[in-house]
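Novice: One structure is given below, represented as structure tokens, and several questions about it will come after.
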Amino acid sequence: MNGSKSPGLAGFGVLKNTTCHTEKKISVFFSIIFMTVGILSNSLAIAILMKAYQRFRQKSKASFLLLASGLVVTDLFGHLINGAIAVFVYASDKDWIRFNQSNILCSVFGICMVFFGLCPLFLGSVMAVERCIGVTKPIFHSTKMTSKHVKMMLTMVCLFAVLIALLPILRFRAYQIQASRTWCFYKTEHVEDWEDRFYLLLFSCLGLLALAISFLCNAVTGITLLRVKFKSQQRQGRSHHFEMIIQLLAIMCVSCICWSPFLVTMARIGINESRSKETCETILFALRMATWNQILDPWVYILLRKAVLKNLYKITRGCCGVHIINLHMWELSSIKNSLKVAAISESPVSSKQINLQPLSSMGQ
């Protein structure tokens, strides 16, 4: 590129001096296992979320379920596309010169790596913002946060992630085959040009910003729910919020644990330029950690559902003999909970009136 290399050979410079080696049979085996487990897990999570969405289509929980479905669908396609390309590369003995003469496969692989990396992080932060609005501003959420608006947000997030992924191509910068010869990404070796550093830092900063937004919004949501609890001395108002905040916290923890090593590694390479001491093994380990995020995300919705949590509660109460949570709180609808939280948050007088009113009048 830059007038000195032909586009077809742009990604092959790293193949001349490879210092990172992987065992072919083991790598193919684990790639197939991870891809299969990821596809099955995400497919099961999609079925669960779509069933729940049909139940809560007209309620405030519907927007959260729609965003969660978008996240799981993104993870599913990430496993399907990236996994299929990785298996093909391993099965072809990583001979990129033979099957990637025009650098098309590497470009597609790099675009998919960036898109399916950033999009789930963006969606996780949007879900945290949506829940924060639902708890702190429930009236605004119930009237303005419609399914149409949520679908528009999903579309905008995906388009933004696509733009970031296509940015190097639009700037006539080819994605590079990495030292392990198993995947393609931005240039990570001998990074000296400002534009190559910019892509690495942009990817890292956007990912870390998404994690920071998720942490901040989840903290605000949790503090608000605790304040409502101590203020009203009521437990019923936490029903659907309790389930969703547990899922959000789990998603945030999984994303932070899985993605932080890779994002920090890319940021260090971008900042340190050619003096970066990150080895191929370090980058490959961080990448595999990030891959686990797409496997663990769907299990958050599979395991941390209301029905599962109720059974865990019963088992815990049976073993410990401690009454932790009133099971009646699970029976209240989402709209009733949101309206009750809104009334309690506005004034102490309103909370006293709500406690005297029958729940059926609140839903009208």
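Every residue gets a Cβ built from N, Cα and C, even glycine.
No curator has checked TrEMBL annotations; they are predicted automatically.
Since we're looking at a predicted model, the values are computed, not measured.
Annotations for this protein, taken from TrEMBL, read as follows:
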- 41-301: domain 'G-protein coupled receptors family 1 profile' (DOMAIN)
- 26-50: transmembrane segment (TRANSMEM)
- 62-90: transmembrane segment (TRANSMEM)
- 102-129: transmembrane segment (TRANSMEM)
- 150-170: transmembrane segment (TRANSMEM)
- 198-226: transmembrane segment (TRANSMEM)
- 246-271: transmembrane segment (TRANSMEM)
Novice: Give the one range among 150-170, 198-226, 246-271 whose Cβ atoms make the most pairs under 8 Å with those of the transmembrane segment (102-129).
Specialist: 198-226
Novice: Same-chain Cβ contacts of the transmembrane segment (150-170) under 8 Å, 6 or more residues past its ends?
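Specialist: Cβ under 8 Å, 6 or more out: 63, 66-67, 70, 74, 107, 110-112, 114-115, 118-119, 122-123, 126, 130, 186, 199, 202-203, 206.
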Novice: Would you report the average pLDDT that the model assigns to the domain 'G-protein coupled receptors family 1 profile' (41-301)?
Specialist: 85
